[in-house]
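Peer 1: Have a look at this one.
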Amino acid sequence: MADSLHTISTGQSSVQAFQPEALEERPPTERRPSLLERFTTAASSFILTDSEAQRKPSVVGSESGGSSIHNFTSMRTEDEWFGSSQIYRSLTNRKEPIEEFPSLEEFSSEDENDPIALTGSNAEFQPHPPKPRRRESTIVSTIQSISRKFGFWDSDFAAERIRIAGTLVKNYVYLLSGFAIALSIYWGSYYQRSTRYKNIPFAVIIGDTTLGQLPPILGNLVLLFFQNVPLVKTLGNYHIWSYERILAKAQEHNNTIQEEVFRQVHHQHYRAAFFVHENATLSMYQALVTLNTTFNPATELLSVVYETGSDYNAVHNYISTLTEQISRVFAGFMVKLPWVGYMMQTLNSTQVDNVFNQAPQLFTSNPRFEVDDRLPVPEQVVQAPLQIGLIYLCIFTFFQFVFSVPIHMYIASKIKGLRYVGYRILAAQAAYVVLGLAYVLLNSAFQISFTKAFGNLGFLVIWAFAFLTMSSVGSLIEVLVLFCIILKPAMIGLVLLLVAVVNLAPTISPIVLCPDFYRYGYAMPVFNSYQLMQVAFFNSYKGHMGRNIGILCAWIVVTNAMMPFAMKWMASRLPQQPAALS
């Protein structure tokens, strides 16, 4: 018993004697990660590319392993460039190798050299705590050290100054180029516009004709005006319709002459029609003979017919102004002509005296063109959805793409290949359906009528048109953004601006008033959507709907067909150009 106690005390004294010397000479060692820590680190590195795995430290406790929707939502979008790395990983087979699990021998080897494990007791084991280690560098200390070493104008900083200046010059070149292109496209549509007024097609329809011994006096005067007044020739391109021509066309469509005039304008063959009413001279003659005091020559002999709802922007800004100007010139023209003298020649002296005594207003009122708007638009609020509203639809297609990036990033970690491409296309189309519904509801909230053309179904029709617009433009924007991510990510904003300007310029301005370059507008999605919206809102001519819808559908098919190739191209180029995302 005494020998045992002596042995224990001897062992304890030897440990106490050994302990301080070993701890003083042994340097502090970093704690080895546990099995759970290594597992979580390997799981989180599974969804990273090679460059990301090397760049991100394996700090357990600051990141959670695995891929959850919360993790993807909290990631910085500007660092991921709209999920570009997720597209790369989804469309390639590159995988990060998972760290091997440590063997049991590694853990047992640690315990063999542990003093506590050797003695089995830590009652008297009081190791000295390691000295606190200060961080070797921080962002602040780094900046301070650099500022101490270099000043901006130091000679040692000359190379960096040249690089900064070169980068600034390159940035300004990109910005000024985009600025010049965007504004040139939009402002160019207004360039020398007044010189192209003569391109606007107007119809001059003479419904007056010879009846017995009575010549078409008023019809001849109107024809003389449009053929011989120089100022009028600069305000439009006039197509003269004789009485025989308009009568034959009216009989072909089983219409009266007036109904055929309305039909020509409604079918958008002409922007407006200057119409001399059927047998206008005879109507004036009968009013003089019968002393009809209710007859007004200023309003019942001539009219100018157009439809504001056929092209709201063009008619509201140009057609109505030009027709009013032509009417004023015609009024001055009639004052200089012996209109009253010509009509007095058709009467005898007694009839002339009776007119002066009982109905003098028949001679004092000269004929003028009375405006006949067949599709008036009294609600000024419609300017919002028909002008800037369509561009907002295009812009919000990009916003839905940006807001959906965290979801796309999460889905990219779950599905691969063409299934991911199909998901991206279907997700975008679903977003366009929702945004199109919001567009219709907003119009309804501001009491914009949508029942004129299709009744109560107008709600669904406008919803469908809004969806087609957003789908055709949104898919195009998404494809262009994918190319910009590789070539120049900073150009994404300029691309969005250019898409808006290229669509807006030929839509707000009548293409006939723009240079020939802007004829591309006939194939643009926003222009065709604008034509469809006018049908739905104002009941304008429906004959072009098939063409407009076909163009929108063609844009949808082509841009969505380009999506897999664009994403595959981006996935192949992304690892080759790491500097593109910087």
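Including glycine, each Cβ sits where the backbone N, Cα and C put it.
A TrEMBL annotation is a machine prediction, not a hand-curated record.
These figures come from a predicted structure and were not determined experimentally.
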Peer 1: Among the residue ranges 46-71, 358-383, I'd like the one that TrEMBL describes as region 'Disordered'.
Peer 2: 46-71
Peer 1: Other than its close neighbours in sequence, what residues sit by the transmembrane segment (454-473), given a CB gap under 8 Å and a spacing of at least six beyond its ends?
Peer 2: 390, 393-394, 396-397, 428-429, 432-433, 435-437, 439-440, 443-444, 499, 503, 525-526, 529, 532-533, 536-537, 549, 552-553, 555-556, 559
Peer 1: Can you tell me which parts of the same chain pack against the transmembrane segment (172-191), counting only residues 6+ beyond its ends and a CB-CB cutoff under 8 A?
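Peer 2: Here the qualifying positions are 488, 490-491, 494, 497-498, 501-502, 504-506, 509, 514-515, 517-518.
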